[in-house]
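Have a look at the structure below before the remarks.
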């Protein structure tokens, strides 16, 4: 079992680092905005909670690409893998554009959510920029999932790590008005995130199109790269239930985040801190779940049932251990962790209390996410949804 988990972890580690790095963009935004004003941190919380649901709906479409690519890879079918790449990118990009346009067009609804009016006012420009950034983010995700399905994960990890200092530098320029740029504060964080996501998406697309590892798939583009009804149907068969499942999970946190805003900016800022930390630990689980999903899908493509069982058991055990460790760390360091994001004593105190509750669901979150990932690897998405 340890041997199987080691193989899964070898694939999952770059995915974990990549996922945490993506969450790191939000953590950087929160930390740098928290240093400006706690009401602007509350506004960031409002935006990220509202956008989280449509974001994961789009992400569900991208996630469908990796198991289908892994199955094709297990079957040694380069043509099918190439067709999955094109159709997955096509569907995900359409979803991203529709989501972004809808959100930007309806931005004034933030004033109807019962929030502090200053918070809602700060939120509008940040909301628009983050909404537009979903397009490059989901384009990156679709290509990333293709790479994941081929068990090629180091490049995306490197790009994700590069995005952190890049985002921090751009935030420093736009939030605080450095190098001759105007001081934009919260809106500057949104602009920094948008530019970062565009650069990273374009870079990954260029690498996939030019790297020799992907040459067998890119070489088939003249025949494989066309909208194919059967492939789209398979992607939607996995993507729609995955989107709904993630959407329902995230909705619980997002709606609670909006409702907490009814209690005032202090509670909202504290909730965002606790949510940022809980999301960071979950992203590690998501990477482990995806690693397991890829290995299961590959074994499924080769029809190796015994290996399917061993991969599943080892991954579930690893998730249980990881969730337990995170729960302990949240409880032990609950007073120190909020101070990373704010120097407001009241906000830090409330966030400290919320981390106790975050600790309680670490184990269940880890095992549930990994279990769903394993089932997705064999195209079983109905039961989890």
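For all residues, glycine too, the Cβ spot is worked out from N, Cα and C.
Computed from a predicted structure; not experimentally measured.
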Completion exercise
transmembrane segment per TrEMBL, picked from 84-110, 354-380, is residues 84-110
Exercise for the section: Examine the transmembrane segment (122-143) against the transmembrane segment (41-63) and state whether at least 3 Cβ pairs sit under 8 A, considering only residue pairs 6 or more apart. Expected result: yes
Problem - Within-chain partners of the transmembrane segment (12-35) [C-beta distance under 8 Å, separation at least 6 from its ends] - result: 41, 44-45, 48, 144, 148, 153-154, 156-157, 159-161, 163-164, 167-168, 171-172, 175, 185-186, 189, 192-193, 196, 269, 272-273, 276, 279-280, 283-284, 286-288, 290-292, 340-343
Handout entry: Range from 41-63, 84-110, 194-214, 235-263 with most C-beta pairs under 8 A to the transmembrane segment (155-174)
Key = 194-214
Completion exercise
Long-range CB partners for the transmembrane segment (84-110) (under 8 A, at least six residues beyond its ends), listed in sequence order, are 46-47, 50-51, 54-55, 57-58, 61-62, 64-65, 68-69, 72, 120, 123-124, 127-128, 131-132, 134-135, 137-139, 141-143, 145-146, 149, 217, 221, 224-228, 231-232, 235-236, 239
Practice task
Determine which residues of the chain contact the transmembrane segment (235-263) at the Cβ level, with the cut-off under 8 Å and only residues 6 or more beyond its ends counted.
Solution key: 42, 45-46, 48-50, 52-53, 56-65, 67-68, 84, 87-88, 91, 113-116, 119, 271-272, 275, 372, 376, 379, 381-382, 384-385
Problem - Cβ-Cβ under 8 Å with the transmembrane segment (269-290): same-chain residues at least 6 beyond its ends - result: 8-9, 12-13, 15-20, 22-24, 26-27, 30, 34, 38-39, 41-42, 44-45, 48-49, 63, 66, 148, 253, 256-257, 260, 315, 318-319, 322-323, 326, 330, 337-338, 341-342, 344, 347-351, 354-355, 357-358, 362, 365-366, 369-370, 372-374
